[in-house]
Amino acid sequence: MEIVAKVKDFAQKVPTYWKTPPLGKYMPYKEISAYAFGGIGAYFLMYVVQQLFLSVNNFIIGSAIGLDARLMYVIYVIAIIAGFPCTAIRAYIIDNVRNKKGKYRPYLISMGIPTAILAIGMVWVPYEKIESQVVQAAIILFFNIGFQFFYQFFYEAYENLIKVLSPNTQERADVGAFKSIVYSIAPSIATAIMPLLAQAITGGSLTNMRLYRIAYPPMAIVGLLMSIVVYANTQEKIVQAKTHVIQIKFIDALRAVAKNKYFWIISLAGWIGFLESSYAVILNWLYEYKHAATAPEFTIIGLIYGNASFWGMLAAPFAIRRYGKKRVLVVTNFLNIIFIAAMYPVIAAEPAHMIWVVLICLWANGVVGAFAHILTPSIDADIRDYQQYVTGERIDGMFSTVGLIGQIVTMATSSVIPFVYNKMGINEETLAANLPEIIKNANKPELDLTNMYNVLYVDEIFDNIMLVLILLSVVGAFMNVIPYFFYDLSETKQSGMIKVLKIRAMFEDYGNGVLQDKDIVEAIDTIREAETYSVAEPKSVSKAGIKQAKSRAEKKAARKAWFAAVEYNRTIESSKIVMDEMNRFNTVEGQAQLEEARKAVEMGYDFIYNYDPQAVARAKALPKGTEKEKAYRKAEIQRARDAAFARRTALRKFPNGIQEFDVSVFDGLFAREDELNAKIESLYSAYYAAKKEKNPRKVESLKAEIKATKADKRVVEAEIKKAGDENALYTRAAKPYIDAKKLLTQAENYSRFEEIAAMYDDAKARHEEAMALAAAEAERKKQEEKAYAAELKAKRAAEKAQKKSQKKNKD
């Protein structure tokens with residue numbers, strides 16, 4: 001009954017929060033629905049590309065096209081290397097290119113179209129008519145280099161969008177879980193129908209390219225069209241001052257991200273756990289080479305295996321809310337080890353219906369593995385919040401660029417699988433020696449006798465390889481879990497960081513004269529709450545009350561009290577982070593930083609040229625006995641290193657003195673760019689109208705004008721890039737001076753807190769009035785729409801009655 005009541009309560013909330021988010025949240029239900037259901041389309045396209053994406057154990061490239069595993073590894077390495085500049089360009093675009101439509105949303109369309117074209121093109125290449133494996137490899141490489149840029153951009157745009165749709169970490173986890181459950185429909189359907197399509201098209205074979213030429217193009221096209229739903233119904237939200245200008249040079253962002261310890265912890269887990277996915281081919285191999293199931297049975301197997309993700313993604317938000325991300329990470333990874341290892345005795349014993357026993361192990365592993373679909377983006381978003389908290393910049397794209405180091409690691413470690421394949425018998429010599437047994441066991445009229453993967457039709461070779469792959473997966477899963485023990489970015493800490501970011505944005509906007517009522521109310525409420533809770537005594541979080549409770553009602557009340565105590569203590573912790581921020585300039589360390597900043601501003605750029613190279617050594621000599629001393633020492637070391645780097649840059653690039661860059665130049669350039677964008681959009685509308693009117697003279701005239709306007713836009717873009725480069729160089733050389741000015745300005749703004757607090761009552765009244773007016777307008781529109789719907793319904797009923805009456809009169 002309780003579940004039914006909750007469902008009814010949720011159903012009643014849907015109309016209320018369809019266009020307006022619930023209190024304390026950022027995403028209305030309409031936006032959540034669009035992100036999730038549009039994700040079905042995104043994941044249809046992703047599914048297709050992922051099946052074609054180069055990896056050393058890709059089933060289609062290896063078993064269907066028949067490319068040698070060693071040659072596959074060679075082009076895999078080339079594709080990874082080719083992906084380096086693609087990733088750097090992608091990161092630069094995400095972090096620096098201005099787009100009113102957002103940081104990620106526009107690329108769902110602009111990168112989705114070429115991704116779909118590449119996917120369709122790759123499956124339609126007649127590989128069976130190409131005798132040379134080198135030529136086949138070159139063609140596969142060509143398409144995969146395209147995927148490295150367009151698909152990866154499309155993938156990041158959809159997956160990273162949640163990170164800027166809400167700054168609330170729990171809301172991101174909840175929405176991530178919902179959209180993961182919904183979008184999993186796409187791969188589940190695709191996995192289920194492939195064996196049935198294979199039965200109808202290729203006699204059940206999954207290694208015939210005809211299957212993919214018929215199945216994949218519709219999936220890619222439908223996926224692309226459905227992705228438009230996400231683009232059209234979402235809005236990005238980044239916690240940042242309204243006057244904040246972003247111009248991030250590649251090397252500067254790289255240096256900033258490289259210092260993010262949480263990024264390295266999560267990255268390291270993936271790098272050293274590279275062997276964990278070795279088992280991934282087991283179901284396809286059992287079906288294809290062991291004939292372990294019929295096509296209808298394999299469809300059911302695919303549905304059951306795909307269903308495992310549903311339960312994991314459904315449980316993840318509740319587990320995260322109760323136990324925290326770190327505990328869930330560690331526990332689920334240990335369970336991965338257990339369930340993967342459980343397959344070893346199954347393959348070794350080869351029981352009857354082996355594929356179903358293996359499925360049980362894989363299903364259990366899939367449930368706990370699916371937690372990663374929620375954990376990974378949620379943790380990744382927290383890491384980016386931390387980056388903004390410590391550097392002041394929202395550096396999103398550059399995480400991918402620093403991640404290229406992982407690509408280099410992966411490039412080296414990926415050679416292990418082809419080496420294992422070759423040593424275990426997937427090679428030309430073993431193929432030639434076992435052809436009679438292969439032909440007999442395969443029992444296929446269209447068997448490719450040159451495909452080295454056909455040695456897997458030999459039972460002994462199959463069993464030996466699978467056992468080794470399972471062992472490698474267990475080792476990889478164990479190595480993967482180790483770095484997570486060092487991850488300590490808790491939900492409470494993240495909550496405190498977001499509050500601090502909002503407070504910083506409020507003070508910055510106050511200093512720039514653009515502060516809004518809503519921001520005043522939210523920030524002051526946060527600060528007042530922190531003042532109260534930061535000095536409060538934590539509550540006991542013992543579960544003794546739950547254990548002692550006897551009745552169901554008592555247990556429920558005890559659990560509620562326990563959760564309330566936990567939440568109370570978390571508020572205390574996050575409030576301390578907020579108050580540390582508010583009091584940062586009143587501490588001994590803060591005063592020392594202000595004194596150094598005043599000295600830098602008084603000396604001007606001479607402070608940089610005359611900076612003492614021994615400052616780094618002095619910073620390292622600072623005490624580090626307490627956590628605060630450690631934090632101050634770390635900050636001072638970094639400040640000294642930045643100053644030393646700035647001095648070297650200034651001496652090299654500005655030997656005759658630093659010239660301040662005038663950032664106001666961007667205002668004119670950005671205004672001109674916006675004007676040209678609007679003009680191009682208007683010209684295209686006129687161009688299509690002229691084509692529709694069949695006016696060739698006007699079409700040609702507009703085409704020429706569009707071309708000229710685009711040329712003007714390229715000139716402006718070049719000027720923006722030139723200005724950005726000059727600004728970045730100036731910023732790098734003058735960083736200590738710029739940071740000193742920012743610090744003094746920030747301290748001045750913080751000292752005006754009481755002035756801002758005095759504005760609270762009036763701001764709250766205006767804000768509540770604005771909210772009431774907005775609610776009234778929404779209600780008016782709702783009633784208007786309701787009346788219109790009733791009018792239409794009555795009109796249709798009248799028409800129906802009239803037709804019925806006319807028919808009766810005819811009779």
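Each Cβ is built from the backbone N, Cα and C atoms, and glycine gets one as well.
Now, the feature entries from TrEMBL:
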type	residues	note
TRANSMEM	32-53	transmembrane segment
TRANSMEM	73-94	transmembrane segment
TRANSMEM	106-127	transmembrane segment
TRANSMEM	133-154	transmembrane segment
TRANSMEM	181-202	transmembrane segment
TRANSMEM	214-232	transmembrane segment
TRANSMEM	262-286	transmembrane segment
TRANSMEM	298-316	transmembrane segment
TRANSMEM	328-347	transmembrane segment
TRANSMEM	353-376	transmembrane segment
TRANSMEM	397-421	transmembrane segment
TRANSMEM	465-487	transmembrane segment
COILED	699-726	coiled coil
REGION	784-811	region 'Disordered'
COMPBIAS	784-802	compositional bias 'Basic and acidic residues'
Long-range Cβ contacts under 8 Å made by the coiled coil (699-726), restricted to residues 6 or more beyond its ends, are 96, 247, 249, 661, 665-666, 669-670, 672-673, 676-677, 679-680, 683-684, 686-687, 690-691
How about the transmembrane segment (262-286) and the transmembrane segment (353-376): do they have 3 or more C-beta pairs under 8 A, pairs 6 or more apart in sequence?
yes
Could you tell me whether the transmembrane segment (73-94) and the transmembrane segment (298-316) have 3+ CB pairs under 8 A, leaving out pairs under 6 positions apart?
no
With contact taken as 3 or more Cβ pairs under 8 angstroms (pairs 6 or more apart in sequence), are the transmembrane segment (353-376) and the transmembrane segment (328-347) in contact?
yes
Looking at the transmembrane segment (214-232) and the transmembrane segment (106-127), are there 3+ C-beta pairs under 8 A, with each pair at least 6 apart in sequence?
yes
Counts of helix, strand and coil residues, the compositional bias 'Basic and acidic residues' (784-802), according to DSSP:
19 helix, 0 strand, 0 coil
With a cut-off of 8 Å between Cβ atoms, can you find at least three pairs linking the transmembrane segment (133-154) to the transmembrane segment (73-94)? Only pairs 6 or more residues apart in sequence count.
yes
For the transmembrane segment (106-127), out of 32-53, 181-202, 465-487, most C-beta pairs under 8 A are with 32-53
Against which stretches of its own chain does the transmembrane segment (32-53) lie, if we need a Cβ under 8 Å and a gap of at least six residues from its ends?
59-61, 108, 112, 115-116, 118-119, 122-123, 143-144, 147, 151, 154-155, 158, 161-162, 165, 175, 178-179, 181-187, 190, 212, 216, 219-220, 222-234
